[in-house]
Amino acid sequence: MGIKVISPNRIGAFVAIILGGLSIFEAIRLYPYGNNLLTGDHTFPGMIGVLLILAGGMLLFERKKDEVVLPKGRTAFMMIASIGSLIIYSLSIKYIGYFFSTVLAFLFLIKIIGNYSWIFSIVIATVLTTALYLLFIVLLKTPFPSLLF
């Protein structure tokens, strides 16, 4: 005889409903300290309780979804390369500065995801980086790292 496992969504639903009930209980306990129904110490716990119970009910009575198929081949490569390039970008911005690291990140992302020509990718990466530079550094005066360049 096998053990039936409760899904994580059902466990979360029960926890949300229990916490919502406790929050509503606290709102009822605090109601005498308020002026009316919508003002006072009880209002926020009451709203949170109602929202938690509604969210728990939605999780509890959720329809079964189809199984998710993970991407393979070029799509998986593009996803991993995009994440990797953003990690490298966040690490390299300290050393080579905002402008050049952003141009390189844009260039790599446009080339990998968009599969455009090198000339088009270089032009678009430079234009977008210049536009962001003008917006953030010139107009908004946001200080960005500029150690090397």
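Keep in mind that glycine also has a Cβ here, set from the backbone N, Cα and C atoms.
Unlike curated entries, TrEMBL annotations are predicted automatically.
Worth saying up front: this structure is predicted, and the values here are computed from it rather than measured.
Among the features that TrEMBL reports, domain 'DUF1468' is placed at 12-145.
Long-range contacts of the transmembrane segment (12-31) within its own chain (CB-CB distance under 8 A, at least 6 residues past either end) are made by residues 40-43, 45-46, 48-60. Residues annotated as transmembrane segment in TrEMBL: 12-31 (among others).
Taken from TrEMBL, the feature transmembrane segment covers 43-61 (among others).
Remote same-chain residues near the transmembrane segment (118-140) are listed as 98-99, 102-104, 106-107, 110-111 (criterion: CB distance under 8 Å, separation of at least six residues from the stretch ends). If you look up TrEMBL, you'll see 118-140 (among others) marked as transmembrane segment.
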